[in-house]
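Notes follow the structure.
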Amino acid sequence: MSKKLLLSPQSLTSPCHINEFDFQTTEDLEPLKGIIGQDRAVEALSFGLQVKKKGYNIYVAGTSGTGRSSYANSITESLAKGMEKPKDWLYVYNFKKPDSPKALSINSGEGERFKKDIECTVVKMIKEIPSAFDSSDYHNKRNEILRQFQQKSLEVLRVLNEVAEEYGFVFKDTENGLVSVPLKNGKSMSQKEYNDLSPTEIKEMKERSHYLARETNHLFQEIKQIEEEFEYQFNNLDKIQVTQIADYYVTRLLNSYRGNLKVRQYIVSLRDDIVDNIEYFKKTDHVEEQTPLTDSCDETTILDKGFFKRYKVNLFVNNKELKSAPIINENNPSLYNLNGFIEYRNEMGTLKTDFTQIKPGSIHMANGGFLLIQAKDLMSQPFAWDTLKRAIKTGVINIENTNRQPGDLVISSMKPEPIPIDLKIIIIGDINLYHALYIYDEDFRKLFKIMADFDVEIIRSKENVLKMAKFIANHCKEVGLRHFDKTAVGRVIEYCSRLTDHQEKISSQFNQILEILYESDTWAEFDDAKYVNRDHVEKAIKQKIYRNSKYEDKLNEMFEEGSLLMDVTGSKVGQINGLAVMGNGQYFFGKPSRITVSTYKGKPGIINIEREAKKSGSLHDKGILILSGYLGSKYAQHHAMSLSVSISFEQNYSLIDGDSASSAELYAIISSMADVPIKQSIAVTGSVNQKGEIQPIGGVNEKIEGFYDVCAFKGLNGEQGVIIPKQNVKNLMLKQEVIDSVKKGQFHIYAIGHVDEGIEILTKIPAGAEKDGEYPKGTINFLVMKKLESLNK
């Protein structure tokens, strides 16, 4: 039977048939456009980008290096070309609520012009208004108002003094206004004369003063009205002067921005604020100090501080340079980088700010387009994820004063008007994070309804092989690598299959593939070759392994010198060579492990020494329990198993997990129970279920090669080999050295589907099929049953 289970050399790998290529080198190929074999993810991403409804943002899932980020950028770039450029956004002073700056939107590219128009207009008015108050026309009108005031004032004063004389008083104009002064002999009484008055005279004078005040009260009201009218006429004259200038400039601005109601409203409010603050514009000191009185507005530094800063324009988002909808890749998605922030300046130990110090975030910059964020970066930033969700849910983005430190003394603060957002957000991350967010974050389910899952492997079809060749051609052209001949392309395809551990698939982890391309090109350069050939690719692969295989070499040295015990010849009872996979994250290799079993009369059950020593994981423990189930079902149908079994992975000092050694453990148990030695020249991998069926495992190539290496330096004798599950045959992509040894009959690989097949290979004794509750004499199962019967006596 064992010969039937032997695998041929042809089944140990899947060579690339380069004779089917219709090119000699990648120079003959058109570079690849698009991505290879990710139809499901591509369709999901394309659909999600087309849906305009709320909540249809996209989570791009997959392992890093599968091209997920590159393709997401590529497809959004393609889509963005057909979209309109988004509007520019500006923040301006809110004349009614200074702590709530207004947000204005304007057609893309017009923000700079608007900023210049507003600021230049204000600068021109600052220069022009003072001169308007120096004109002869203004002075003539002002003098006329003054003359009329004086005329009316004098007339009222005349009447006032006529009444005052009747009471023995006269009114005089002092610093404190009109004051009544008593008369004596028709003249104003002096202080001495007043002091010489008798109490009776003083009393009589106060009574007259009281009657005078009552008699002249209406005249004083008339004087107050005249003064108020005078002040009004003076202010109105100033306002007319300024309004004429402001209206001239504002009309031009309004004509330039006819179609934007909110902008026009701001222009009108700016005009009103200038008219309401004439005194600041009448001064000429700021004009003389900072800029000459010309029509030029090249210099606007006058607006940088003080009162006039309110007339500056904060060009918040300038899309002038965009040719289509924006695509923003936010590599550092902190709260401030996403949401924007407000800067503060330190003035004498206090923090101040204004609307010109509002800064945009990537959400603002991507508004109207696409925002791409790496999930791990987003989740590592405090408050960033919640802020992003809030913006998506509300449809607006609020900039908050959150970048101050505790204890800062802040005397100016702001709450800018929120800006509405309309963009597609693409988060790129691994599938595990997607599932965690989907399960535990209710908002995530509502806001990211599309998941595009990029696979790490694709079908090795002729179409995809050709695309991979074009992928190589593309990078040769873009990066400046030597082109690959078809033998090199074939070796790269085989390497891609090895990465997936599958003969019918190739890897889509393009970062690993690119490393081999770059390194192969370097080896070709050392050879001064025109093209990269198969030998260069082979050299790159072997050197990559060599750079990362120090730990593997150290372990092999320990096997070779006998520090790690391993028999690869002979036969022993209750001892077998199992296989495990070890690695450092970048490189994985197989490590043989000696498994020993002891069976003896005692309490039924299996003692897992690794578990007792807390060196086994839950999956390995499960495998041991499955063995108990199999043994009970197989051998304890008619007799109780008064048997204790002890299992140990010898010289193991690290955690063991997984069930891929369960078949090896079972063979060692059966060997010990039947007291039949099993071959040490054959290592075993494969899990087993309670029915005795062998199940597939991972890392089959590494496991085979790991045992082969130990056998090779201990000496191949034609007896060594490995037993694997038959389901793993399609996963074989073994190195050429192993295949050559199999061809020469020095090494053997068996593929089995049941425990009985494996035990026969290991012992060269038939397993034996049950008939009427008994097994044929001389079979393994017969010997096991005899051992159990003897223990039960």
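Glycine residues also receive a Cβ, built from the backbone N, Cα and C atoms like all the rest.
What TrEMBL says about this one:
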- 570-765: domain 'Lon proteolytic' (DOMAIN)
- SER660: active site (ACT_SITE)
- LYS703: active site (ACT_SITE)
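The Cβ of LYS703 (active site) has LEU579, ALA580, VAL581, GLY590, ALA683, THR685, ILE697, VAL722, ILE724 as same-chain neighbours under 8 Å, each 6 or more residues away in sequence. DSSP classifies SER660 (active site) as coil under the three-state reduction. Non-local neighbourhood of SER660 (active site): LEU579, ALA580, THR685, GLY686, SER687, ILE697, GLY698, GLY699, each in the same chain, at least six residues away, with C-beta under 8 Å from its C-beta. Under the three-state DSSP scheme, LYS703 (active site) falls in the helix class.
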